[in-house]
């Protein structure tokens, strides 16, 4: 894209910093929150059901009298942890396969591209659902399913960028000067794809967190009583009138986290 | 021609992938899968051990995986999906029932998003960095960060629970369309608008767009005669890719609003481990993507002669 | 009657002047050439007169166009004149036509929407225009189906359809070979002969000479010299203009033959093709140390392919290249047309050069000794390739090759993106390299004058698939332009 199309540099930087701040804030809530206010996300006390905030439970209690603050903190550790694990797996697989396909060409490239194209035609949630039905255990199932969905984007980016770089005069010149593939990767390919990888990783993390929450919300993801963002929302939805803060907490936290990741990723659309 | 071959291969790969995944799903089924499949075929009253054994033999459930997988894929490629394990009805018939509801919801959502997104995006792209552009960036970034289920939840809370303007669930009347379609359309429009904006900004900065005005065309004439047509190509291509997002949204939104469509059926089928239904619906969605994108390939090749070459 | 008069035009960027006051006037039938190198402000001057400056640049001054009086500070006022009074010819005609619209319609719409003809009349008039330019068959073609020259003629027809009398052409020969350059000049003069005025902005001395008329020479935003083009070119009064004209390959001294050194390579009955078209065949030659082989021919004739075949980067369709025994695998090197594209983008030039020196066991101070020899400032090493000028980067690219101690350099249009004075510096350095390093050079250029005055032997490739048989040291012209 030409410069005229891009968002002005400084505005872009400000947006990225805002995004980083939002992500950092939710991670601090998830990790530091329970240390500051100790509590158990699973402990029920039905007498406190739907009651408001108090020092031991800064966001009040849900319909079973569990502390929403501690459930939210646990949920904000669970989905990002699965998401990051899946993104790391997918990123590594996509990077290796993408570079390999671009460097080898021929049938290696053709078969990997065909596989990626076929996966691209399938809705990610559908693949995750099917993998969940195959792999025992919900968290490993999400990790496997999301990795399967997410590697395609990393693969396509890496392959396209590597192909372009390898065909460039710069790489031709470097090879004529007697350098080998490791030097070419280090000086030509990696500097081109590293920023793309970061953007794709932020988008991938957002996608994964959305998927876990969406499936939790329609009762086919994480199972109760696990604290999970989508599951918390659907559990608290019937009590909206009695305890709006109870429902708004996971809604706002999810939105802030996803917005943060979207801003962090920058202006590229996927 | 080349397009059709590539898309054909893609369709085949989609079918094989779904076949392999559903096969793995079936093998991972808890309990006696053969008995359940036999029950799906002949009805629970008519199942005995002999029928279950016949199914076991036929599908090779106890045998080595590879021949069984090939057999499974063979059935799939002959479009023999079998019967639903839950209702006992043929999968094809079930999908036929639900497809209409899903298609109408998806169509309304896409039309809504096209009314909202691209016009705003094009206006913003005509003046990159202008007030509208910056405003649109904020709104579309915010909307993009809201997943469809959350959008549905917010719309239900505001329009249905709080103000009681619209029904939160139901199917049949026009007003039932509004919430689910809007939940889908807002997210799509946010992305459509960005694509249209980026395309317009890029085209507006191209030499031919300036040259059209140097010939003496007014801004409006340049937009109508040269801008829109050029913007439509990347926009159409993107719409094709967006189909996946749309389908994901349809699955979730149908489940939330109790919409009797294919997404709703898919979630149910997975929940109750109804493997033949999962296979049928998944294939329907995957092939739908390939079909839509083939149509878009052919359409853009007509608009843009460089692509036909 | 003066067609266009511009008084005290200035352009500033954020308060910093980048074009100092320039005045000019355009008379009917007499072309005006604005000559300058990159960064001289010649395009800014034209854009200020047309009201097409980018938004972050501010112009001042007064423009009188027929009976319109315009303020350069208010570009909106120029808009109604576009197409009706001023026809602007774009730099790159291919990119200036709507890729999704047939050529004929792009002319027709100007007749219809700008001049106000009815649909039928507009179509008929467009057909007449295209016919006059020899483009009757191009009517229903899309831009990507046109050659560069055809696209240029379609653009001229479209630009003038609104009835404009004044034609402003900004770098109309950018990236064209010699034959095409003369075609464009003739076309512009033919348009002038139909009445009106012509303003040509260029860095190309050959184009300026051919256009004639009057001339303004610009340098770094200031007028250096003005006068009749023929007089300025024959007897320049200013030092800069003299340098500029001396840098034109036509005015270079001819090369004196040098004795040949040890043989470096032998090419035997080479042939190559691209996309099923045979580019050349039966090409044989050999090359010795210290010698320069010039290769010339129109674009698309296979000049660059020949170089890649000799380097072993592309396989020949027939024949073979033998390197002399005992040469290192890295003894054959290449100098690229676009030096920015030939360096790793994100690495400082110093690191890239140090890597090469290290790889080839050269001491670090070899870079430091080469820098002044190539007229380069050591501070450039701290920058990335995007941060230095094209001429500097091409010299750095040459330095990078010298670290490898090459025996053969394929220089692929190494100066086609450089200004004339810089071009001369780089070519002089190449000549010195051949002599000092005892290195054979194959110099590819679309400019026959440049090749004729630089090379020991000249190989002219024909546009079609005819080839030549060159044997031994003898120079044989191989068909085509020869």
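Counting starts with 1 at the first residue shown.
Here the Cβ of each residue, glycine as well, is placed from N, Cα and C on the backbone.
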Using TrEMBL as the reference, determine which range in B:103-124, B:213-234 is annotated transmembrane segment. B:103-124
If TrEMBL is the reference, give me the range from B:74-96, B:235-257 marked as transmembrane segment. B:235-257
Contact check, the transmembrane segment (B:235-257) vs the transmembrane segment (B:12-29), 3+ Cβ pairs under 8 Å, seq sep 6+: no
Same chain, outside the transmembrane segment (B:177-196) by at least 6, Cβ under 8 Å from its Cβ: which residues? 104-106, 108-110, 112-114, 116-122, 124-125, 136, 139-141, 143-144, 146-148, 151-152, 155-156, 159-160, 166-168, 231, 234-235, 238-239, 242, 245-246, 249-250, 253-254, 256-257, 259
Counting only residues at least 6 beyond its ends, the same-chain positions whose CB falls under 8 A of a CB in the transmembrane segment (B:277-299) are 3-4, 7, 10-11, 14-15, 17-19, 21-22, 25, 76, 81, 84-86, 91-92, 94-95, 99, 236-237, 239-241, 243-244, 247, 262, 265-266, 268-270, 307
